[in-house]
Amino acid sequence: MSSSMWYIMQSIQSKYSLSERLIRTIAAIRSFPHDNVEDLIRGGADVNCTHGTLKPLHCACMVSDADCVELLLEKGAEVNALDGYNRTALHYAAEKDEACVEVLLEYGANPNALDGNRDTPLHWAAFKNNAECVRALLESGASVNALDYNNDTPLSWAAMKGNLESVSILLDYGAEVRVINLIGQTPISRLVALLVRGLGTEKEDSCFELLHRAVGHFELRKNGTMPREVARDPQLCEKLTVLCSAPGTLKTLARYAVRRSLGLQYLPDAVKGLPLPASLKEYLLLLE
């Protein structure tokens, strides 16, 4: 082997070793106790190198280190790069930390980036009920009705967990409440699936009431019969049967139609400008 080739190989190995140490330092796995992120980058660590499935920027978001996220971006980390799971750093940040989300968005992160399952960061923020991340993403242009591989929206993801705070914010931004996924489920039916497992709390009940107000009318029955899992809970079955049997009133159906006609915008601001009495504005905003 020529000396020049040996030097090149040694240089590559050294750079790889530094990059691996960078990942470990960010994740607080102290193989080298005196390592710090800035010194490793100054020494030649590649801020865009992938180790296994991990990239430094994604790792910093996983541990909610906004200062480290900003440092990596300042040093050239690719803000929309994909890791081994085809996820961007924003997908991880959206689950955990508003500060990381804000930094990434400031540096040009795509709020509508898709992972391998076509999930957006907003799907994950809604699922984890990280309400401030939900709001930050929506304010930065995230699609409120983005569809994953199963045609589920962020509202569906929030509803299946009974995440009241996230559901409320998504509805404020005009989320479509009557969306149907590929197997016939709606946001409200996803929430019912949680309630029938006996996992509902007062917050989940409030979430159901909010979705019911937003949808105006819903139907869970097939050929007039409730699903078996609902029928196993007599009290819940009776409540849902009454709601499904009652036709939507003109008032509730008009509320749904008006909200939808306002389009994809922040509805509290849009409704505020309508020439309507205060009581009707509150009604449109699902406050009663």
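Keep in mind that glycine also has a Cβ here, set from the backbone N, Cα and C atoms.
Taken from Swiss-Prot, the feature domain 'SOCS box' covers 235-288.
Among the features that Swiss-Prot reports, phosphoserine is placed at Ser17. Ser17 (phosphoserine) falls within a helical segment according to DSSP. Annotation for Ser17 (phosphoserine): no same-chain Cβ neighbours under 8 Å separated by at least 6 residues are found.
Annotated repeat 'ANK 1' per Swiss-Prot: 52-81, in sequence order. Panel annotation: around the repeat 'ANK 1' (52-81), residues 19, 22-23, 26-28, 37-38, 41, 87-90, 92-93, 96-97, 99-100, 102-104, 107-110, 113 of the same chain, lying at least six beyond its termini, place a Cβ under 8 Å from a Cβ of the stretch.
According to Swiss-Prot, the feature repeat 'ANK 2' maps to 85-113. In the predicted model, the repeat 'ANK 2' (85-113) shows an average pLDDT of 97.
Summarising the annotation, Swiss-Prot assigns repeat 'ANK 3' to 117-146. Among residues of the same chain six or more beyond the repeat 'ANK 3' (117-146), those with a C-beta under 8 A of the stretch's C-beta atoms are 88, 90-91, 93-98, 101-102, 105, 111, 152-155, 157-158, 160-161, 163, 165-167, 169-170, 173-176, 179, 264.
The repeat 'ANK 4' annotation in Swiss-Prot covers 150-179.
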